[in-house]
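The transmembrane segment annotation in Swiss-Prot covers 9-29, 82-102, 118-138, 157-177, 190-210, 234-254, 298-318, 342-362, and the record cites sequence analysis as its basis.
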Amino acid sequence: MPQTSTTQFFYLSALGIWGLWVYAFFNGMFDRLDTITRTLHFPDGRPLRSKYTNIGPLDAQLTLLSAFYDVLSNTLTSGPRLLFFDVNYVVACANLWVLIESRRRGVRSWFLKYPAWAMVLCNANGAAIVLPLYLYLVCCSKARLRDASVPKHEATALLVSTVVILLQPLLIFVPAWAGRGGSHLHHGCIALFQVAPIGVSVFHLGLASILPREASDSSPSSRKDSKKCIVASLVLAGTVAAAVHSYTVVGALITRDGQASLTRLFVPAHGFSDPIEVPLQPSGLPAEYMALVENLHLFSQWDWIVVALTSVLYSHLLLSLRDGAVRAKANHWVSPVEAQELVYLTVATIILGPGGAASFALAIRESRI
């Protein structure tokens, strides 16, 4: 079996561009979103909020993102919402992974020390495109070789920050589920979600700054305590993400709704075809709205697929006894142990979902450092 390498992150990002944006260019997604942002109304007649900060260019971007996220998170359809819920918890786990790596003592690069910018781009442009490129930088960093430890006060703060990170996706879904506040509140929460990674970073740094610091912060006992906090954070995130994935899969298996079947959720369809030209299951909603749902669901499907592959690659590289930067230069086949780990990761990703499998794998990896 050929070895995994950091170069494969570029292939995954390219696949993300193809699945997210190339298809969107040909299947009418861009045109439909443009129409909605110009008219400020969805095809089903609901209004689209356009004022958030009174800064024109920023409001225009937030309006576009609100239109996108609204269609995939409202209660008008079931299947696309289920998958999008799962996707957002995988990305939430990725938020935690990069936050942990940014807190290691050996990190020197500002790009890696403050990863919020990358996670904001994941929310705004597609995690399938941005996340592989950022994790490439993480894997190629020499920070783990210099000093992989995390200060105890930072590790303690991670436990609380993990809870905050896991609450982030609820900003998108709870307003629609609750049915209160209408589109105005829902779109406001979606806009807040876009900058939530910045808020989490500020919260974490602020919390870490007020926690007491030990004089012997680098002692073996302190490092052991730090490791326990990091492992606990990863296990918590993995448990929640696995529960969300199980909810998605079980819901798809037991439902009689054809819009939420397992193949409907995870198997991409249509591709270059405009969904308006394909016979769709009657739903009582305008055909143009359902075509937009199909456009965005295809986007979400490819997002999930690429992020799943990225999480397997990332966790496998970090589980390896050799550093990712070194592995990329060697032209070897994987050892039997590494091949076994890759198989386990793949199976776990199918069963537990990408967020759960990778988080548990990274918890194991943390114990090896």
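Positions of Cβ are set from backbone N, Cα and C atoms, glycine also.
Below 8 A, the CB atoms of the transmembrane segment (234-254) and the transmembrane segment (82-102) form 3+ pairs separated by six or more positions in the chain. Using the rule of three or more Cβ pairs under 8 Å, pairs at least 6 apart in sequence, the transmembrane segment (157-177) is in contact with the transmembrane segment (82-102). Counting same-chain residues at least six beyond the ends of the transmembrane segment (82-102), those with a Cβ under 8 angstroms from any Cβ of the stretch are 72-73, 112-115, 118-119, 122-123, 127, 131, 134-135, 138, 141, 143, 150, 158, 161-162, 165-166, 168-169, 172-173, 197, 200-201, 204, 230, 233-234, 237-238, 240-241, 244-245, 247-248, 251-252, 260, 265-266, 297, 300-301, 303-304, 307-308, 311, 314, 353-356, 358-359, 362.
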